[in-house]
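See structure below.
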Amino acid sequence: MVLDNSYEPCDFVLFGTLGDLSRRKLLPSLYQLEKANLMHPDTTIVGVARQEMELDTYIEEVHANLVKFGEKNLCEETWERMKARLHYACVDMKDVGSYCVLDDHVNPNRTMVCYLATPPAIYGDICRGLHSCKIIDSSVRVVLEKPIGHDLESSKVINEQVAEYFDEKQIYRIDHYLGKETVLNLVSLRFANSIFATNWDHNCIDHVQISVAESVGIEGRWGYFDDAGQMRDMVQNHLLQILSLVAMEPPTTLDADSIRDEKLKVLKALRSINSFNINESTVRGQYTSGFVKGEEVPGYLEEEGANTQSKTETFIAIKAEIDNWRWAGVPFYLRTGKRMPTKVSEVVIYFKRQPHNLFGDSFKNLPPNKLVIRLQPDEGVEITVMNKVPGLTSSGSMDLQKSKLNLSFSEAFADERIPDAYEKLLLEVMLGNQALFVRRDEIEQAWTWVDSILEAWKQSSEPPEPYQAGTWGPVDSIGLLARENRSWYESKTGKKK
Ligand SMILES: NC(=O)C1=CN([C@@H]2O[C@H](COP(=O)(O)OP(=O)(O)OC[C@H]3O[C@@H](n4cnc5c(N)ncnc54)[C@H](OP(=O)(O)O)[C@@H]3O)[C@@H](O)[C@H]2O)C=CC1
Ligand SMILES: O=C1O[C@H](COP(=O)(O)O)[C@@H](O)[C@H](O)[C@H]1O
């Protein structure tokens with residue numbers, strides 16, 4: 001990409017610049033944009049935190065973080081350019097009076113991007129603080145990190161607090177999965193290929209599987225995770241966003257609202273899961289100690305800081321149904337968990353079997369065609385097809401074999417570096433394009449669906465099923481598909497389930 005005339009410089013103000021997300025993801029992503037010459041020469045980066053700090057110390061801090069979490073061997077020329085952009089402002093984000101210091105760092109004649117890498121509980125305080133020093137006008141953009149709320153009600157409160165000062169057109173809600181190259185590729189795969197565009201419905205598709213497995217546990221985040229669980233941490237946002245992109249109708253254009261309107265319709269069409277259908281539609285689990293990649297790991301209840309009575313789920317499998325014309329009768333099976341054998345995210349489309357068998361008794365059960373979209377790692381797309389085995393047979397019958405047409409991005413685009421999701425998203429905010437950010441109504445609709453499941457679990461008083469770390473989740477998750485004569489896709493990168 002090359003910067004064009006429409007790309008304006010901005011003051012990129014990073015609230016929570018000393019926090020984990022900023023250090024591990026945001027500052028390294030800004031560095032990569034710098035390296036790729038995608039930062040406007042006049043753009044500045046203003047780090048904001050509550051610690052008193054000289055600019056030189058902040059610069060040293062950023063440098064150390066880039067080395068630790070970004071590139072070991074920083075490109076000196078890139079770093080010199082990035083360093084020249086850095087400012088630091090000390091603000092107690094809960095103290096309205098402390099925001100005036102920002103006047104010394106931002107230029108009122110330029111676009112200001114406020115990235116709130118702080119706990120969502122203080123988003124309202126930050127907006128109030130910015131308002132108090134008269135810094136907000138219609139050109140200011142605000143970026144909100146997830147999770148926005150804990151349920152529909154608290155999400156509405158946060159959204160309202162921000163909406164008091166910012167119009168929806170100024171608000172960029174992050175779901176970092178929308179910045180992943182392969183998630184974006186769902187749109188091109190579906191709508192740039194007529195072979196898929198015309199076969200993408202209940203006439204041709206039997207069912208869809210979306211799996212997002214992680215081998216890590218909760219990584220020292222007990223306080224946050226135990227309150228959230230896998231449902232709020234992964235399903236409410238990432239899995240429902242992937243599902244929406246897979247299931248949405250073709251948007252009229254690729255502009256932000258066309259895409260978001262279509263995603264919203266999918267979320268609205270999701271059949272409610274409640275106490276009547278909770279047992280047949282969901283399975284939740286909690287990991288016990290085990291081995292992941294040969295290393296012994298503790299169970300969830302033995303993690304540092306754990307409450308040993310916790311019933312929080314670390315694994316979920318859901319049979320989701322979309323009540324609309326396109327998807328009637330096509331289940332979408334979602335599965336996500338911590339401490340699974342490997343890190344792998346995939347969407348697998350199972351097409352319907354052939355209506356009639358031409359190939360004799362040995363091929364009575366021809367396997368269905370499958371489209372496997374590997375989101376991470378080993379990003380790529382694979383289709384399984386049946387082929388004639390070359391050669392002659394005395395009976396004259398045809399021998400068939402299952403083969404794979406495999407497009408691996410690392411081979412096909414060997415010279416291209418796959419950017420981190422945050423690089424893409426930060427660039428889009430600076431360009432002022434909201435297409436990859438989640439609109440308020442989408443977030444609230446997703447909460448409506450998720451809250452109903454959480455409420456049904458609460459009423460059932462059943463604890464999550466234990467599963468050993470290093471496995472693919474509780475046995476019942478296999479049953480969720482097996483009772484419909486289906487099974488989970490066995491990932492190439494993973495072990496047998
Ligand atoms: N870390 C991650 O991988 C991910 C994080 N997120 C989201 O990103 C956001 C930030 O998370 P994370 O970086 O992990 O959190 P951290 O707690 O590591 O960082 C938050 C930062 O906000 C600062 N802060 C909090 N309150 C105030 C205040 N009153 N005044 C000034 N500064 C304040 C903290 O300052 P101090 O250090 O002084 O307390 C800290 O630097 C959260 O919304 C989180 O949910 C989302 C996805 C992944
Ligand atoms: O948002 C989150 O995502 C990560 C997984 O992200 P990925 O890009 O590594 O797939 C997850 O580990 C974390 O718990 C969650 O908050």
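Placed from the backbone N, Cα and C atoms, the Cβ positions cover glycine too.
Note that TrEMBL annotation is computational and uncurated.
Taken from TrEMBL, the feature domain 'Glucose-6-phosphate dehydrogenase NAD-binding' applies to 13-185.
If you look up TrEMBL, you'll see R50, K146 marked as NADP(+) binding site. The C-beta environment of K146 (NADP(+) binding site), restricted to residues of the same chain at least 6 apart in sequence and closer than 8 Å, consists of R173, I174, D175, N237.
Sequence-distant neighbours of D233 (substrate binding site): residues of the same chain at least 6 apart with a C-beta under 8 Å from its C-beta are P147, F225. The substrate binding site annotation in TrEMBL covers H176, K180, E214, D233, K338, K343.
Annotation source TrEMBL lists domain 'Glucose-6-phosphate dehydrogenase C-terminal' at 188-488. Confidence for the domain 'Glucose-6-phosphate dehydrogenase C-terminal' (188-488), expressed as mean pLDDT, is 94.
In this structure, H238 (active site, proton acceptor) is part of a helix by DSSP. Residues within less than 8 Å, Cβ to Cβ, of H238 (active site, proton acceptor) and separated from it by at least 6 positions along the same chain comprise D175, H176, Y177, V212, T336. Feature annotation from TrEMBL assigns active site, proton acceptor to H238.
Between the CA atoms of K343 (substrate binding site) and R50 (NADP(+) binding site) there is a gap of 36 Å. Checking the binding-site residues R50, K180, D233, K338, K343 against ligand 2, the ones with a C-beta less than 6 Å from an atom of that molecule are D233. The local packing around K180 (substrate binding site), expressed as other Cβ atoms within 10 Å of its Cβ over all shown chains, amounts to 25. In the shown protein chains, 20 other C-beta atoms lie within 10 A of the C-beta of E214 (substrate binding site). Spread of the substrate binding residues is 20 Å (greatest Cα-Cα distance among H176, K180, E214, D233, K338, K343).
Of all Cβ atoms in the protein chains displayed, 15 besides its own lie within 10 Å of the Cβ of K343 (substrate binding site). Of all Cβ atoms in the protein chains displayed, 20 besides its own lie within 10 Å of the Cβ of H176 (substrate binding site).
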